[in-house]
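Here is what TrEMBL records for this protein:
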type	residues	note
REGION	24-63	region 'Disordered'
TRANSMEM	172-197	transmembrane segment
TRANSMEM	209-228	transmembrane segment
TRANSMEM	240-273	transmembrane segment
TRANSMEM	294-319	transmembrane segment
DOMAIN	349-405	domain 'MIR'
DOMAIN	415-471	domain 'MIR'
DOMAIN	476-533	domain 'MIR'
TRANSMEM	608-627	transmembrane segment
TRANSMEM	647-666	transmembrane segment
TRANSMEM	678-697	transmembrane segment
TRANSMEM	718-736	transmembrane segment
Amino acid sequence: MAKAECTPKWNTLALRNRKTCPTPEKSFQTTFTPVSKDKNSQTAGHLAGGDTQSSNGPSGQFLARESIESPSKVLLMLVAGLSFSTRLYKITEPPHVCWDETHFGKMGSYYINRTFFFDVHPPLGKMLIGLAGYMSGYDGTFPFIKPGDKYENQNYWGMRGFCATLGSFLPIFAYLIVLELSNSCTAAIIAATLLIFDTGCITISQYILLDPILMFFIMAAVLSMVKFNQQRYRSFSASWWLWLVLTGINLAGALGVKFVGLFVIILVGLNTIWDLWRLLGDMSLSLVDIAKHFLARAFALILLPLILYVTIFAVHFVVLNKSGPGDGFFSSAFQSRLIGNNLHNASMPEYLAFGSTVTIKNLRIAGGYLHSHWHLYPEGVGARQQQVTAYLHKDYNNLWVVHRQQDNNSQSGNPDLVRHGDIVRLEHKETTRNLHSHLHEAPLTKKHFQVTGYGINGTGDANDLWQVEVCGGQKGDPVKVLRSKVRFLHRATGCALYSSGKTLPKWGWEQIEVTCSPYLKETPSSQWNIEDHINPKLPNISLSVLKPNFLEILLESHIVMFRGNSGLKPKDNEMNSKPWHWPINYQGLRFSGVNATEYRVYLLGNPVVWWINLASLGLYLTMVAVASIATQRGFSLGQQRIEHSLVLVRGGGLLMLGWLLHYAPFFTMGRILYFHHYFPAMLFSSMLTGLTLDILFRSADLLLHPPYSYWFQRAGQLLLLFSILYSFYLFHPLSYGMTGPLAHEPGSAMADLKWMDSWEF
């Protein structure tokens, strides 16, 4: 072994085997409060180095923690009390629907009533909301039509209380995480205080929303990961397995609420990769031991979350077994499993025939039903003829009658079947106009042709004719209901009937654009199937054989969710924002009320908290850079500075990575974004602030001698606490409700608090 050198470089300490410097190392473990050498890879932030186990490692860790155990418990109780009291205060106010409660409260009702619906997020959050409502006596009858609807005598408090309870755990988790990463009660209490008294965190926790549920699982996963890393000297013990399995369970929970739960999965994955890399370099472990570690993590962090995630959907599909508003987003085969759907245990003619009344569904996921209505295309959008769209819901205006090329008279006896290559005319049943196309460009897809409704009562022109093509079929093959993939080729122009998936503007009722595509490659967007089929002159068959299996509906549901998520667009006058707005608290969200006579709630972060967090991000990077430069230049930092550097790089590095993973991806997203998307990242930012400011205050002795350094430290902590509490006092009406004049109106109590013109309370 090389000669032991007690070098002051923290990066060398992080990378060398701890046996290299036994004497200082022992002292380091028994006196080090912020972080011990034994915790190089115990902390979730051990992304910068590792060491191997030695005989005195665990004892040093326990000695270091004994001095903070008692005060940390007292502070934890204080944090819990303040957190629950601030979240549960006025939980029933206002007694009407606020913001997205209209969606998630309604979806909770759907679970209680077992009614199938579609949402762009996985189902766990809505299932838990529904369960909370059911357990608190809510019967699922409130319609949740729009914000402002009075709850009257409905037991909505259970669903709000459930979300607020989960939101109350966020400061508690933050306290425990920072305490584990720094072994500093001061850092932990700063992080918890920032979250307890943040008006934004309070507001988003008090309503029937997915956000507090998502953030609960994210923070629980991070806490479990950090706790698991502390068990590195107790491999395969009960506590080791407990925290490892809890990490996997919480990862499944985060992803089961929203797909952004993937970000914390990446965070845990990177931590696990580094942990395994450290183990690979531990020469005291055999390859069999390393394989056991790998398999344990693969089971708990990959297989177990996957099983739980799939189980969530299995429960979702079992509970929601009745037809509902989400049917039209899914395939005909999917709908056949829903009780009450016209395809469930239904029977209908097997083959399409002339004279049949049908619905025609596009095979693109969420492609919609071929649809028309009395409204015309507006001036300047192709020919001013009747609109033809694709509609995602069951509707009478989805019905079409199949006619021959020149004859729409009913026949005696059995009607002729429609076959591959036949020429048909499709007449809209409600308006009697024919499906029509011409060389005018489509409304949104400019290289395609417009599709309209034209003529009346069977009259029209040659542009109303379509040739039926059974995909994979030959001339003369009949069209099978539900099973045949069919294309409709326009006789005059040669284009194919096509659902673009693009949402039309308000004049098109935000339905899906239907075009005629000159590009004839077979794609789901140009393929259709016959779903409903009515023809009393034909014999019926049972459709029960078409029900899909679990894996098929699981795959289809994910495809629908992904496409629905990416296609979200803002509605008129709806508040939306850009990612750069979020850290600076640029713009909030109206949760309730818009005028002086209404009870107003406004989602906006406590500006002092958010701006301290923003400044701390830059401060953290500066402190790490200064420490790195000092080390590289060979300055003697002293034992305490080495300890601070380790906390900054490892614990702070983890939190900075968590912030980046939960924030940076939004810059690449094309979907509509809102202010509340930043709150998971804000949790990591607040924890990083606690860790950073604590080390900053404790570094006062770099400039001041005792006792002035101690006075400066305490003064800084008190000033920080006062700033947070006073700003909460000023801005708490944003969370707990405002009445009277708006901030920009005379006599408003909030007039002096409109620090940015973009705030609209």
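Quick reminder: no glycine exception, Cβ is built from N, Cα and C everywhere.
Keep in mind that TrEMBL annotations are predicted by a computer and have not been checked by a curator.
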Composition by DSSP (helix, strand, coil) of residues within the domain 'MIR' (349-405): 3 helix, 28 strand, 26 coil
The transmembrane segment (294-319) in contact with the transmembrane segment (608-627), cutoff 8 A, at least 3 CB pairs, sep 6+: no
Tally of DSSP helical, extended and coil residues in the domain 'MIR' (415-471): 3 helix, 29 strand, 25 coil
Predicted model, mean pLDDT over the domain 'MIR' (476-533): 91
Long-range Cβ neighbours of the transmembrane segment (718-736) (under 8 Å; 6 or more residues past either end): 89-90, 93, 190, 193-194, 197-199, 202-203, 206, 588, 601-604, 606-609, 612, 693, 749-750, 753, 761
